[in-house]
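In what follows, a single structure is set out as structure tokens and then discussed.
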Amino acid sequence: MKIVLAYSGGLDTTVAIKWLSETFHAEVISVSVDVGQKDDFKKIEERAYKAGSAKHYLVDAKREFAENFALKDIKMNGLYEEVYPLATALARPLIAEKVAEVAKKEGTEYVAHGSTSKGNDQVRFDLALKTALDNVKIIAPARIWKMTREDEIAYARERGIPIKTESSKYSIDENLWGRSIEGDIISDPASEVPEDAFEWTAVRKQDKLKLSVEFEKGVPVRVNGEKLDPVKLISLLNEEVGSRGFGRVEHLENRVVGFKSREVYEAPAALALIAAHKDLEKTVLTPLELRFKRHLDSLWSDLVYQGLWYEPLRNTLELAGDEINKWVSGEVKLEVDLKSLRVVGRTSPYSPYSEKISSYNKGWYPSDEEARGFIEIWGMHSLLTRKARYG
């Protein structure tokens, strides 16, 4: 029996290698997927083999994650509950797909992951695996073994599994698009998040940053005039924007599994690019298009967060989003100061803005007769209804 395990290199999945091997008398094959996290994958591979992995795979999926997931998040202004740019939620389907590919290659239908029974990730992993692999048999050790962190450490020591035993206050998950932070005082929503929880947005530069981002059909392609591939562009903004303290999210989040959770994220590039993209949309779209697009964005964000990446409606929403984004091209100028970002200018060949029409100093003015006629017709529904109801 072979079991393919989605392996992060952390305590849970390291213990899972040995636990799966002992519990199911199985050959465990570990798979690590690089979606831009700042990990030492050589050490992760060594740790997997020391824990008992029969074979280890490392899959480089950074470019695919950037192009097929992060860029979609920009085009759809993907912010769950209007604040969270979905970094973890976007990565899980791709990781599951890569793990499923290894399972097919190894000729097994048994796949394992390290998600717990109270997290969102179990939903995302399970649904993605069920989509990617026919007749998949999913094993989630953390949903079965009921071990605490201390139990896991003791289990590892008893079996000679080398692990880092020093206690970390925070549980971290990161990829190219963002970093999530959990644990310790963060669990108390009344307490301020300590500065030592932040890494990407720890203030390292005090100077004001001005930069421009150019979009083509809703996709960022240049920063300060330099054409960059998506991975480099996102990485650059994570550093330049994050080093000035911008990119933090803290809120009470409504989880898929039925309760509220205090969540803290860092996503400098994601938040900067979505802010710029939304501003450019506002520059080129009609009021009705904007209203419609905001509805698309909200629904798309909910589907992704809730693990419904393979829901057919997502494709429909993206088709509509792509049609609208055909006109979202231009340049947005940003200013990043200490822990803040604002749009300071924008241009687009598709902007209907006319200074001749909008300026109060010169140009077009409706006549008194035109203004009176417009106002009379514009307010007629309200005026007639109010008169009918209240006299």
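Cβ coordinates are placed from backbone N, Cα and C, and glycine is handled just like the others.
These come from Swiss-Prot:
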BINDING   Ala6, Tyr7, Ser8, Gly9, Gly10, Leu11, Asp12, Thr13, Thr14, Gly114  ATP binding site
BINDING   Tyr84, Asn120, Arg124, Ser171, Ser180, Glu253, Tyr265  L-citrulline binding site
BINDING   Thr116, Asn120, Asp121  L-aspartate binding site
Hey, what's the Cβ neighbour count for Asp12 (ATP binding site) at 10 Å?
21
What's the most sparsely packed of the binding-site residues Asp121, Glu253, counting other C-beta atoms within 10 A?
Glu253
What three-state secondary structure does DSSP assign to Asp121 (L-aspartate binding site)?
helix
Only counting partners 6 or more residues apart, tell me which same-chain residues put their Cβ under 8 Å from the Cβ of Asn120 (L-citrulline binding site).
Thr88, Ala89, Arg255, Val256, Val257, Tyr305, Gln306, Gly307
Any idea what the Cα distance is from Thr116 (L-aspartate binding site) over to Ala6 (ATP binding site), rounded to a whole Å?
14
Site of maximum Cβ density within 10 Å, from binding-site residues Thr14, Thr116, Ser171:
Thr14
How big is the gap, in Å, between the Cα of Ala6 (ATP binding site) and that of Arg124 (L-citrulline binding site), rounded to a whole number?
13
By Cα-Cα distance, the member of binding-site residues Tyr84, Arg124, Ser171, Glu253 nearest Thr14 (ATP binding site):
Ser171
Please list, in sequence order, every residue of the chain apart from Thr116, Asn120, Asp121 whose Cβ lies within 8 Å of the Cβ centroid of the L-aspartate site.
Ser115, Lys118, Gly119, Gln122, Val123, Arg124, Phe125, Val257
Considering the binding-site residues Tyr84, Tyr265, which residue's Cβ sits among the greatest number of other Cβ atoms within 10 Å?
Tyr265
Which whole-number value in Å describes the distance between the Cα atoms of Ser180 (L-citrulline binding site) and Asp121 (L-aspartate binding site)?
13
What is the interatomic distance between the Cα atoms of Ser8 (ATP binding site) and Ser171 (L-citrulline binding site), given in whole Å?
13
Can you grab the distance from Arg124 (L-citrulline binding site) over to Gly10 (ATP binding site)? Cα atoms, rounded to a whole Å.
19
By CA-CA distance, flag whichever of Tyr84, Asp121, Ser171, Glu253, Tyr265 among the binding-site residues is nearest to Asp12 (ATP binding site).
Ser171
Cβ atoms near Gly10 (ATP binding site) (within 10 Å, other residues, all chains):
18
